[in-house]
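Asks: Below are the structure tokens for one structure; questions will follow.
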Amino acid sequence: MKSSGIAGDSNGFETNFLNETTNREEDGAFNWNAADDGTNERREDIHVRFQDSALPLGIDENELDEIDINGDSKKLDSVEVDESHDVNSPSDSRLKSSFKSVLELTANSMVSVLTPSTKTEQTSKGKGKKKKAHVSFLEGPVEEIPLDDIEPTSPREASPVFNGRPPIPPEFLKSRHKEFTIPNPLQFISNFLSNLFSRDTRYLKSSHGRIIIINPYDDSSQIDERTGKPYMQNSIVSSRYNKYNFVPLQIIAQFSKTANCYFLLIAIMQMIPGWSTTGTYTTIIPLLIFISIAILREGFDNYRRYRQDRVENRIQTQVLRHVDVDPPIVEEHSSFFRRRRWRRSRSQESASRSTIRSTDEREPERTSEDPPQLPPSPSSPSSPALSVKPNIDPQPPLYNSTLTTTRSIPANKPTFFWASCDRKDVRVGDIIRLTSDQTLPADVIALSSPNPNGAIYIETAALDGETSLKTRLVNSTLRSLCKDINDLIRLSGTCTVEDPNGDLYNFNGSMKLDSIQGEIPLSNNDVLYRGSNLRNTSELFALVIFTGEESKIRMNAVRNVSVKAPSMQKVTNRIVIFIFALVVSMAIYCTAAYFVWQKKVERKLWYLTNSKLSFVPILVSFIILYNTMVPISLYVSMEIIRVFQTFLVQSDIDLYYPENDTRCEVRSSSILEELGQVTHVFSDKTGTLTDNIMLFRNLSVGGFAWQHVGAENPKLVSTSQKSDDLDGEAKPPQLENIQGTTIQLLQYVHDNPHTTFSKRVRIFLLNLAICHTCLPSFDEENQIYKYQSISPDELALVHAAQQLGYIVIDRDIDSLTIRLHYPLDPHSHPIAKTYRILNIIEFTSKRKCMSVIVRMPNGRICLFCKGADSAIIKRLRLSNLAKRKDKSVTKAEQARKSIEIDKAIIRNSQSTSRPSLTASRPSLSRRRNDYINNVTSWLDERREKMGVVRPRASTSILETRRRPAVGRHSLAGGERLMEDKKYLSKQEEAEGSIYESLNHNDAKLFENTFEHVHAFATDGLRTLMYAHRFIDESEYQSWKLVNDAALNSLSNRQQLLDEAADLIEKDLEFAGATAIEDKLQVGVPESINSLFRAGIKFWMLTGDKKETAINIGHSCGVIKEYSTVVVMGSLDGVEGSDETVSGGQRLSLDRPPTNDPASLMIHQLISCMNAIHSNSLAHLVIVIDGSTLADIENDPELFLLFINTAVEADSVICCRSSPMQKALMVQKVRNTLEKAVTLAIGDGANDIAMIQEAHVGIGIAGREGLQAARSSDFSIGRFKFLIKLLFCHGRWSYVRLSKYILGTFYKEQFFFLMQAIMQPFVGYTGQSLYESWGLTCFNTLFSSLCVIGLGIFEKDLSASTVIAVPELYQKGINNEAFNWRVYFGWCSIAFIQAFLVFYVTYSLFGMKELNDNNIFAYGQLIFTAAIFIMNFKLVFIEMQYINIISIIVLVLTSLAWFLFNIFISEHYPDKNLYLARSQFLHHFGKNPSWWLTMLFVMVCALTIDIVAQMLRRTLRPTDTDIFVEMENDAFVRSRFEQESGEFLQANAPSVDEIEQYLKSRD
């Protein structure tokens, strides 16, 4: 009798239980969606389809029930059958059969339909649970539907992953996820508190979507039916903590450090009376101080983020507001009673107006207790009153009210105006006004635009990373109803939109206005998202629908960002646990030894009476005695070191970008050492790798290639990897086809205007000028034409046409005017021609081309077409010939590159074990000269293995620029005609015949052009082909009827349009090709190459299209000549077609049994894994787009297979990815590879989620603003700065922190082991060897400064060395500086030195000096020797970079120790166990034996350390040891400085300096 949200229909029905909405479909279905509370990742959907025309259910709409899925009780809307219904009727069987249609479950699923009185069931087997979703009826037998009888479907019809996918071999499904690890209870509590104090309500579902009341007269806050409260404010919050959760989360974070928990336990034991031998509060007070310092530092970082948010939230926005008078200012001469009467009248009118609500029955009614709503303040959405003097727009009021005539007398109608208010005060339902170049403050529905056809131009770089302009068209109905403010104030109705979500590409909604009949449908074209920039639109009126954290850009940001902890902290915590276990073990041993000693010795000593101790006090006393083996200042000193390291990073001049005055900013100093251990870099493309500046580089026309002179010098601007490779053996021969510059081309066309070649050139240039959608505008100030386009490619092409004499000067809906002139002659007379635009066939990803049909000035109709090579070739008149030539050119190109593949495989196989200079060597010093002599060849060899060739030291930089190639084709084909690039001026007559001959040889023309296109693509350029066709009038009119019918179709419109386009885009004449460079930032290819050499894997995650991403991959070196590029889900990608694999190695793969995309992807991934394991791939790059990734996510096994393959690949390119998909990729790599350290770098707001998800987040402060920079851990000005940040500061920080931690553990264990060694001499009574005041100052005055100096100033290698040799970065990746082996090495030295110092001192001084052999003199001798041994070791043995500050610190520490001895000698109490008073000054301090013993012990201990270091460096030298030696040679240093000059502009020597040095050396 009851069901939630089900509506019957004679043709079927559909209901969505999760959304509680009713939607009709022809086939009849209802969706049952079960989602876990609190999560948005897992969702179970059951589609039940009724094919019968009659509905056999009696239904009501108000009850919720429960259902058991996976053993969890979930609250769901359920279906109940009418008790009177006959379950045995025929309709019941039809009902049961219809339940067999099921959609996706998140794992291997089985659905059972249970009739009434049957309880829910659950089955699970092993890891993969077989889930059963149950629907209960009131009575009847049980029917179970096996999985084989179910027809799986997907909510997305395009989802490929559930239809007959083949089984995946289990060896490829070995999950490396850390899903079986025991969860950290502190992390669990942290997550709980985070969710408790900052509950996220954005994902709650409403029953009918969000209903927004449109009523400009009502300024009251609208109510969100999901929460019963006003809609979320428009303020944003990027800070990690709030005032409620900061203290508890920080306490948890601090005590997640094992050392802090250890000292808390010690402090508790110390405060128990009678247990401590060192005092009561000596641990708890320092512990609280150190923890408070750490919490305050984190709080300061969080406060800085809060202030940045406040700046963002206070940006001014114009909102439509009203007041009772205009403005509500009372005249000064008004009487007191008159002003009072005016206020009372205004209050009553506001109260009555606030009760006006929409008559929609779904709007919640206001209760009688609700206070009356008054006109709002522009500064606060919750404030009911408008300020007395509102900030009114300076323009005159657009609504002329009679109220303005009498300012002091209230009237019936309010005055509307545009009030400037803070962005945070914009509310849902507000109507806002925006002007050009403003940033949208919230997600809005566009209402009106003054541009023709209601066009709106926006830049969405902050959302998807694309800086190209996008066009939105305002709905024509809305545009007619919202022309000005007079129309806006009359606007009344409701707007229903979907609930807040993060989908940037789909939107559904509708608007119902009182002034018109029916509803206005709303789509993604009608909505503008927060963060977008309004361009070329003078004014925009818009309705706010989503605000603050519910806006799309914030929905795609990571919420409740967890505190990032460095990887080294895990190892440090484990070592602390080990030391604690060691302390407990030593305490237990000493306690047991004490009872043995008590039984055998103490009982016989008559002078020891009443001295027996129990087990617990003696055990605790030993634990407290040894507890400082873990220094209490460990983590606080690390914070001090990080503060100084932060200063060094931020003051680095090499990381300063002067163009926008940006320096490197460190926002999370706690993870500085993570920069030295990065294994994966995830990078955005637009604005991060590129400048998003398209540069027209080359064109090919008539079978000859030309370099555009508008492009800058290739060496200076080219970001292609090939810019430095042309002199290497891998030089593509096709680049030699470049004949000259476009200036020479124009000169030839001008001098020979009537030749066939010239005519071909002119029609090609006309194609450039016509086939686009750019809008021209004239800049009066600079007297030039500027263009706006949604595509930067088109912008570059139109600019090129302008430079070549075809200037687009005007454009409207149906015409295009071009001014023709000869650019080489400033006195030429331009001619303007107007072309009537008949049709524009827009570009689609399926067609991969666009066409413009125009009527020429002479009346003829011509179609101009441009697109990808694959799209144009099949549309040509000579398509068969073109396909054959394209295939032959491709085959020849692949044959050439197969040689490079074989060489790369050989290089990779030779370097499998990472050949370095660390092979076994009998003597480092003996072979040092060999290394120095071969350093140049070694560096060249490492570059060659990465496919990079760079100039030698003695080569002038000017000589290494790309040399212009010359032509090599003749009439016979294949022979080189010219050796000089300037042959046009010398052999015009011969060349003219050459050009004309090729225009009559179609086969040769195609062959040459395709060679050019391959060469351009290999060079990383974006290529397009052009074609045209003249059309008869009758043919065009016939086609126009078909095209118009497709345009007016209400169903399958795009398909019909594509079919119509195919009818006219045929039999085209080939015109030529162009090559555009998406200009990379300076140094990007070199930076990415350095990352590869360092062993770092590079993933490019971009929102751009696939072709663009692949082209950029070629340009920046992610895709190499010998790379195998696998495009997921693309059959062409499997075959290695030119479209997706530009000359790369073909992946050997049998055809999948079906064309099912899921089967195809499984075959692709399995083949990749097999090839990787067999080492048959030189370089693997996987390309996947966002839609394919979304489909893969729905199949856990396929997704696991993809991740396992992707982490093995050399690089991954993810295109068309949303912000959350970027974050998902980072998260999956983190979870899959336990030891991976991920770094994400981006510059836009769409990169924030990825940046916050990675271990290290880096934001680039660039053209897209500071959103990413503010949310990152580090911010830099350019991508190339990443190299020094990682290789220098990251590596140094890792080495410094490693040596600091090791040095701290070393000094504590060395110092306190001698306490344990002394215990047999004092009967294991816990007697301390050292005086208590000295112990108190040991970690603060006498041993901390030198080890902190080591952690601040250490540089094991210079900056030029670590940048010139990126392989040295693997020291951090492999954890070579800080691991258990290195730790035990330091412990061994401490253990040996402790025994040596104690027993040598005991032998030389303790037993022979009868005058001064008391425990104080003996202890001070060992104390003094220990201090000098520790500090000398840390400064002179362990530190490679010894500076004056380290020496000063050592001297100050030594002086502090002797001053301390002088102080206690004068002021120490007389009555004490330690006879310290006057001892140092008057007794053992004057004894030469005391000083000589100390010096002898120091020399012995340090000698052991030096000998151990020499043996290690001789027998097992590391890369660092070798390059430390090499740096001692001036030539090697100069060579390294030259190699690193690209990244060290402040210190790089010039080529002349290098050459001068080499001459002086000779």
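Cβ atoms here come from the backbone N, Cα and C positions, even for glycine.
So Swiss-Prot lists the following for this protein:
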ACT_SITE  ASP684  active site, 4-aspartylphosphate intermediate
BINDING   684-686, GLU794, PHE843, SER845, LYS848, LYS866, 1022-1023, 1102-1104, 1181-1188, ARG1216, LYS1222, 1246-1247  ATP binding site
COMPBIAS  12-21  compositional bias 'Polar residues'
COMPBIAS  60-69  compositional bias 'Acidic residues'
COMPBIAS  71-86  compositional bias 'Basic and acidic residues'
COMPBIAS  358-369  compositional bias 'Basic and acidic residues'
MOD_RES   SER954  phosphoserine
REGION    1-38  region 'Disordered'
REGION    55-94  region 'Disordered'
REGION    115-134  region 'Disordered'
REGION    146-166  region 'Disordered'
REGION    347-406  region 'Disordered'
TOPO_DOM  1-275  topological domain 'Extracellular'
TOPO_DOM  297-574  topological domain 'Cytoplasmic'
TOPO_DOM  596-614  topological domain 'Extracellular'
TOPO_DOM  636-1309  topological domain 'Cytoplasmic'
TOPO_DOM  1354-1381  topological domain 'Cytoplasmic'
TOPO_DOM  1403-1414  topological domain 'Extracellular'
TOPO_DOM  1436-1443  topological domain 'Cytoplasmic'
TOPO_DOM  1465-1490  topological domain 'Extracellular'
TOPO_DOM  1512-1562  topological domain 'Cytoplasmic'
TRANSMEM  276-296  transmembrane segment
TRANSMEM  575-595  transmembrane segment
TRANSMEM  615-635  transmembrane segment
TRANSMEM  1310-1330  transmembrane segment
TRANSMEM  1333-1353  transmembrane segment
TRANSMEM  1382-1402  transmembrane segment
TRANSMEM  1415-1435  transmembrane segment
TRANSMEM  1444-1464  transmembrane segment
TRANSMEM  1491-1511  transmembrane segment
Asks: Tell me if the transmembrane segment (1415-1435) touches the transmembrane segment (575-595). I count contact as 3 or more CB pairs below 8 A, with pairs 6 or more residues apart.
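Replies: As far as Cβ distances go (cut-off 8 Å, pairs 6 or more apart), the transmembrane segment (575-595) and the transmembrane segment (1415-1435) do not touch.
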Asks: What is the number of other Cβ atoms found within 10 Å of the Cβ of PHE843 (ATP binding site)?
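Replies: 18, counting other Cβ atoms within 10 Å of PHE843 (ATP binding site).
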Asks: Out of ASP1104, ASP1247, which has the highest number of nearby Cβ atoms, where nearby means within 10 Å of its Cβ, if these are the binding-site residues?
Replies: ASP1247
Asks: Tally of helix, strand and coil residues over the topological domain 'Cytoplasmic' (1354-1381) according to DSSP?
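Replies: The topological domain 'Cytoplasmic' (1354-1381) comes out at 16 helix, 0 strand, 12 coil.
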Asks: Between ASP1104 (ATP binding site) and ASP684 (active site, 4-aspartylphosphate intermediate), what is the CA-CA distance rounded to a whole number of Å?
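Replies: That separation, Cα to Cα, works out to 10 Å.
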Asks: Could you check whether the transmembrane segment (1333-1353) packs against the transmembrane segment (1444-1464) - three or more CB pairs closer than 8 Å, residues at least 6 apart in sequence?
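Replies: Contact between the transmembrane segment (1333-1353) and the transmembrane segment (1444-1464): present.
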Asks: Just the number: how many Å between the Cα atoms of ASP1247 (ATP binding site) and ASP684 (active site, 4-aspartylphosphate intermediate)?
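Replies: Spelling it out, the Cα of ASP1247 (ATP binding site) and the Cα of ASP684 (active site, 4-aspartylphosphate intermediate) are 7 Å apart.
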Asks: For PHE843 (ATP binding site) and ASP684 (active site, 4-aspartylphosphate intermediate), determine the Cα separation and express it in whole Å.
Replies: 25
Asks: Could you give me three numbers for the topological domain 'Cytoplasmic' (1436-1443), the DSSP helix, strand and coil residue counts?
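Replies: In the topological domain 'Cytoplasmic' (1436-1443), the DSSP-based counts are 2 helix, 0 strand, 6 coil.
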Asks: So which residues does the topological domain 'Cytoplasmic' (1436-1443) touch in its own chain, when a touch means Cβ under 8 Å and the partner is 6 or more beyond its ends?
Replies: 1299, 1303, 1349-1350, 1353-1357, 1502, 1505-1506, 1509, 1524
Asks: What number of additional C-beta atoms lies within 10 angstroms of the C-beta atom of the residue listed as 'active site, 4-aspartylphosphate intermediate'?
Replies: 29
Asks: May I ask for the residues of the chain that lie six or more residues beyond the transmembrane segment (1310-1330) and have a Cβ under 8 Å from a Cβ within it?
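Replies: For the transmembrane segment (1310-1330), the far contacts come to 277, 586, 590-591, 593-594, 597-598, 601-602, 618, 621-622, 625-626, 628-629, 1338, 1343, 1389-1391, 1393-1395, 1397-1399, 1415, 1418-1419, 1422-1423, 1426, 1429-1430.
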Asks: Where else in the chain does the topological domain 'Cytoplasmic' (1354-1381) make close Cβ contacts, counting only residues six or more beyond its ends and a cut-off under 8 Å?
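Replies: Those are 568, 571, 575, 676-679, 914, 916, 939, 942, 1090-1091, 1093-1096, 1237, 1283-1284, 1286-1288, 1290-1292, 1294-1299, 1301-1302, 1438-1441, 1518-1520, 1523-1524, 1526-1527, 1533, 1535-1537, 1539-1540, 1543-1544, 1547, in sequence order.
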Asks: Determine, to the nearest whole angstrom, how far the Cα atom of ARG1022 (ATP binding site) is from the Cα atom of the residue listed as 'active site, 4-aspartylphosphate intermediate'.
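Replies: Cα of ARG1022 (ATP binding site) to Cα of the residue listed as 'active site, 4-aspartylphosphate intermediate' measures 19 Å after rounding.
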Asks: According to DSSP, which of helix, strand or coil covers THR1188 (ATP binding site)?
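Replies: THR1188 (ATP binding site) sits in a helix per DSSP.
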Asks: DSSP on ARG1022 (ATP binding site), three-state: which is it?
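Replies: In the DSSP reduction, ARG1022 (ATP binding site) maps to strand.
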Asks: Looking only at the topological domain 'Cytoplasmic' (636-1309), what is the model's average confidence as pLDDT?
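Replies: When the pLDDT values over the topological domain 'Cytoplasmic' (636-1309) are averaged, the result is 77.
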Asks: Do you know offhand how many angstrom separate ASP684 (active site, 4-aspartylphosphate intermediate) and ILE1184 (ATP binding site) by C-alpha?
Replies: 15
Asks: Identify, in sequence order, the residues in the chain of THR1188 (ATP binding site) that are 6 or more apart from it along the sequence and have a CB within less than 8 Å of its CB; answer 'none' if there are none.
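Replies: Same-chain residues close to THR1188 (ATP binding site) (Cβ under 8 Å, separated by 6 or more) are MET1128, GLY1129, PRO1157, MET1161.
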Asks: Would you identify the secondary structure of PHE843 (ATP binding site) according to DSSP, in three states?
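Replies: The residue in question, PHE843 (ATP binding site), is coil (DSSP, three-state).
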